Every structure is written in C-alpha cells, then in structure tokens.
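K.L.:
Sharing the record's features from Swiss-Prot:
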ACT_SITE  CYS128  active site, nucleophile
BINDING   SER20, LYS44, GLY45, ASN98, ASN125, LYS163, ILE189, GLY215, GLY241, GLY242, GLY263, THR264  FMN binding site
BINDING   LYS44, ASN68, SER69, VAL70, GLY71, LEU72, ASN125, ASN190, THR191  substrate binding site
Amino acid sequence: MNLQVEVGGLKLKNPVMTASGTFGFGREYGEYIDLNQLGAIVVKGLTVKPKEGNPPPRVYETPCGMLNSVGLQNSGVDAFIEKELPFLRDYDVAVIVNIAGETIEEFAYMAKKLDIDGVDGIEINVSCPNVKKGGMAFGINPEDIFNITKEVKKVTQKTVIVKLTPNVGDIGVCAKAAEDGGADAVSLINTIAGMAINIDTRTPVFKNVIAGLSGPAIKPIALRMVYEAARAVKIPVIGMGGISSFKDALEFMIAGAKAVAIGTCNFVNPNCTIEVIEGIKQYMVLNNIEDINEIIGSLKVD
C-alpha cells in the first residue's frame, strides 16, 4: 500500500499535514502522538520580529467551530531557527514553515533566511484575517499574490506553497496568480472572516471586531473552493478547512487535493491527525486501493 504523495517536489510519506497555527512547533503534541507518523508539520506563522499578537479574548467557541483572533503571536524567525528548528530536525517528518510579512521585502527576507537544512518548504501566508498589516490584505489581490510569490521564489530552493484566503470572489483567480508567480503548490482555505457580539455590553467579543472562523462549520465552503482551485491550476492543491475525520480528508482528496491539513480538530482531539491517517489506510484496504494517488481528483461529475 502506497500512501506517499508529492507536493511541489516535496515527497511526503502520507498526505496528512498539520495546519499552521494549530500545532505550535510540535512540542506539545509530541507528548500525545508520534510526530514521525505525520506527512508534514506546518509550523505556527512566523514574522521578521517577535510579535505579541492581539489582546484577549483570542478564542470564542461557535456552533460547529471557533473564532480566533490570535494575531500571529510568535517569537520571530531568528528564534525559530535557533530554538525550535533543532527540535524538529530530530524527527523524520517534513517541516514546512509558514511566514507572514507586512511587506514583500519581509516575505523575501524570511524565505531567504529559511533556505537552510531542516526546512523542507515555505508556506506564504497571505490570508490571515487577524492582523492590521499584510495578511488578508495581500491575499485578496491577485497582483500582490503574484508579486510576493515571484520574489520569494527568487531567494529559496525550498518548495513554495501559497496559503490562500477564502474571503474572495473567485478562488481560482487567486490560485492562478500564485501559480503564475512560480508557486509549487497552493494551500486553502484559511479562516473565514466572522465576528461575535456580546449582547449584554453590545460590544464586539474581539478587540479587532473581525476574527477568523474555522472548524466543521466551514468544511462545505472549503471543499467547494478546493474543488474550484484544483480545476484552475496545474500545481498541487493542499486542502483544509473543517477536517475532523478520515472521511472529511478523503472528500478533499477526491475533490482534487493532493494533501490535506488538519487544524481546529487538533484542539479538540490531539490524536486527530493519526486517526485520519489510520482511517485512510483502512478505507484503502476495504476498497482494494493500492495507491493513494488513485483517489486524488477522482470525483465523478456528470
């Protein structure tokens, strides 16, 4: 049985990855699961300088999901290279680093800095809805997506993935902009812009007012967008958004995703990624499927 997939030149032992911002740098989850079993770890979003993030509250539970407004809190790219990367190098798992710049120059600076051993891929975050500069402001403009991708590709030999926002009219246009800029793959979707209101105080729950919705509630939207993106580009698509079971993961792959990433479910069930991997294996056995790649893009549409 072959579970190996190739995403933009990066060979993964299986198609199950972690979604950035939901798995930290793997340390905490390493106490619950064997990190070596994962297809890839996508680390928490990094910025050039340390970032405090947004004031609390940062998380708010919703029916079938959650809103978050963390604001990319992190210790910066230098601290990651010095303190976190050595830990990840001890594992036999692909490491993809999510970077979030406020300017095109910042994206290129971090990508160049991360063009080192132990880093297998770069995920360009042009889709975070919880920051005032950069983030989704880039991701809703195809020209910005193209320019950022082009500049990052100039300075790194690593696999370059562009993480797209769902808060656009045509996801295919944005995916094509990333492809035209030289991206090796696209990942989608990031969170959907949402909000919550305290009816007692009549004020927004979040200081930023707008937050990012994730979890099972967004899965049908994510699935539709992955389907559209996979039809719009020739490069691999990594699907995510509300995946909490192997059945969810298979839906994304049948729709055209070469790999999948699990996010919010990690907060609910630390074993979610492993359960999805095992579920896919069982599905393949029951359906006499020898190669996972037979499933990818196998949707039958009349």
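Note that Cβ sites are derived from N, Cα and C of the backbone, with glycine treated the same way.
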K.L.:
Using CB atoms and a 10 A radius, I'd like the single residue among the binding-site residues GLY241, GLY263 with the highest neighbour count.
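P.N.:
Going through GLY241, GLY263 one by one, the largest Cβ count within 10 Å is at GLY241.
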K.L.:
With a 10 Å radius around each C-beta, find which of these binding-site residues (SER69, ASN125) has the fewest other C-beta atoms nearby.
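P.N.:
Relative to the other binding-site residues in SER69, ASN125, SER69 has the fewest Cβ atoms within 10 Å.
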K.L.:
Would you mind reading off the Cα separation of GLY45 (FMN binding site) from SER69 (substrate binding site), to the nearest angstrom?
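P.N.:
A Cα-Cα distance of 13 Å.
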K.L.:
Sorry to bug you, but what's the C-alpha spacing from THR191 (substrate binding site) to GLY241 (FMN binding site), rounded to the closest Å?
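P.N.:
Their Cα atoms are separated by 8 Å.
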K.L.:
Counting distance between Cα atoms, which of the binding-site residues SER20, ASN125, ILE189, GLY263 is nearest LYS44 (substrate binding site)?
P.N.:
SER20
K.L.:
For a quick check of packing: other C-beta atoms within 10 Å of the C-beta of THR191 (substrate binding site), how many?
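P.N.:
If we count other Cβ atoms within 10 Å of THR191 (substrate binding site), we arrive at 29.
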K.L.:
Among all the protein chains here, how many other CB atoms are within 10 A of the CB of LYS44 (substrate binding site)?
P.N.:
22
K.L.:
Could you tally the C-beta atoms, other than its own, that fall within 10 angstroms of the C-beta of GLY45 (FMN binding site)?
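P.N.:
Excluding its own Cβ, GLY45 (FMN binding site) sees 23 Cβ atoms within 10 Å.
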